[in-house]
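Lifted from Swiss-Prot, the feature list:
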type: MOTIF; residues: 219-223; note: motif 'RVxF'
type: TOPO_DOM; residues: 1-8; note: topological domain 'Cytoplasmic'
type: TOPO_DOM; residues: 30-72; note: topological domain 'Extracellular'
type: TOPO_DOM; residues: 94-99; note: topological domain 'Cytoplasmic'
type: TOPO_DOM; residues: 121-136; note: topological domain 'Extracellular'
type: TOPO_DOM; residues: 158-225; note: topological domain 'Cytoplasmic'
type: TRANSMEM; residues: 9-29; note: transmembrane segment
type: TRANSMEM; residues: 73-93; note: transmembrane segment
type: TRANSMEM; residues: 100-120; note: transmembrane segment
type: TRANSMEM; residues: 137-157; note: transmembrane segment
């Protein structure tokens, strides 16, 4: 069975969350998520869900909900990476509540991003029947789905870290109770020892008293003679 420490889990968690943030920022700067193709296949236009103004092939700006969800996912990813970094450098306590919070944050950020991508695909299919003939997905779109995977892995790692810390706490409590039992047994033995050692002392003292009495009696006899 492979043993994984908490520090290695925290390091992998920071690595995956950092990659998720980097790819999200890269997706904001690059606007070639999808290539829209017109009906005569002459006009081609790049499109991204981060665009505030829509191109001529897609005049209606109905991606406000998608942008809000992707913005919330980006903000939560930044917050997750910050908390994981502070926890790795011991700036915040490493308890199960922080680990549960990072787990919820990871899964919620991944679900928000996945839901935004599904909505964006739905809008592309709706626009295909009205504004353009077809579209082609580029590699940036696949990196967005890779971000969903990274955030899900962060949630699983946070759950694993919480489980390991909980099991280690129970083992420490059991070890502490065993030590307390051993200390109590030792104290009982220490208390019972003086009672056993007191008996020979009393015998020795009685013997000395009897010997003194015999000496006194012999002295009295000699003086009488």
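Placed from the backbone N, Cα and C atoms, the Cβ positions cover glycine too.
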Query raised in the report: When you scan the chain for residues with a C-beta under 8 Å from the transmembrane segment (100-120), skipping those not six or more beyond its ends, what do you find?
Result: 13, 17, 49, 63, 65-66, 69-70, 72-73, 76-77, 79-80, 83-84, 87, 141, 144-145, 147-148, 151-152, 154-155, 158-159, 162
Query raised in the report: Using DSSP, how many residues of the topological domain 'Extracellular' (121-136) fall into helix, strand and coil, respectively?
Result: 8 helix, 3 strand, 5 coil
Report summary line: Per the Cβ under 8 Å criterion, with at least 6 residues separating them from its ends, the topological domain 'Cytoplasmic' (94-99) contacts 6, 83, 87, 158-159, 161-162, 165-166
Report summary line: Whole-number mean pLDDT, the topological domain 'Cytoplasmic' (1-8), equals 69
